Amino acid sequence: DVQMTQSPSYLAASPGESVSISCKASNKSISNNLAWYZZKPGKANKLLISSGSTLQSGTPSRFSGSGSDTDFTLTIRSLEFQDFAVYYCZZYNEPYYTFGAGTMLELKR
């Protein structure tokens, strides 16, 4: 099985800052079969990026995805208040569909 190691598990940042989240696949290349999701309380997970770097309709351009094979990164530039949420990577290199453990992005106090 492919294991997805996501880091960090927790991030604190302020509006206007930029943050990056890493996701690494163990054992084998997953090509670019990697998606990023945003989770907010009481809402369905929102697909932000597929194929490693393809922004979905409605995903703001301040979000970007990069990487291939085993190493991937989600970057959010110029954070806005609505960006504070939990983010997950998911690899979908059949027959596997494996999520990372998530990254909680919180407002820095």
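Using N, Cα and C of the backbone, Cβ positions are placed for all residues, glycine too.
According to Swiss-Prot, the feature region 'Framework-1' maps to 1-23. Summarising the annotation, Swiss-Prot assigns region 'Complementarity-determining-1' to 24-35. The region 'Framework-2' annotation in Swiss-Prot covers 36-50. Feature annotation from Swiss-Prot assigns region 'Complementarity-determining-2' to 51-57. Per Swiss-Prot, the feature region 'Framework-3' maps to 58-89. Swiss-Prot lists 90-98 with the feature region 'Complementarity-determining-3'. Feature annotation from Swiss-Prot assigns region 'Framework-4' to 99-108.
By the Cβ criterion (distance under 8 Å, sequence gap of 6 or more), the region 'Framework-4' (99-108) is counted as touching the region 'Framework-1' (1-23), at least 3 such pairs being found. Outside the region 'Framework-1' (1-23), and at least 6 residues removed from its termini, the chain residues within Cβ reach (under 8 Å) are 30, 34, 67, 71-81, 87-91, 93, 96, 98-109. Long-range neighbours of the region 'Complementarity-determining-3' (90-98) within the same chain, counting only residues 6 or more positions beyond its ends whose Cβ lies under 8 Å from a Cβ of the stretch, are 1-4, 25, 28, 30-31, 33-37.
Applying DSSP to the region 'Framework-4' (99-108) sorts its residues as follows: 0 helix, 6 strand, 4 coil. The DSSP breakdown of the region 'Framework-2' (36-50) into helical (H, G, I), extended (E, B) and coil residues amounts to 0 helix, 9 strand, 6 coil.
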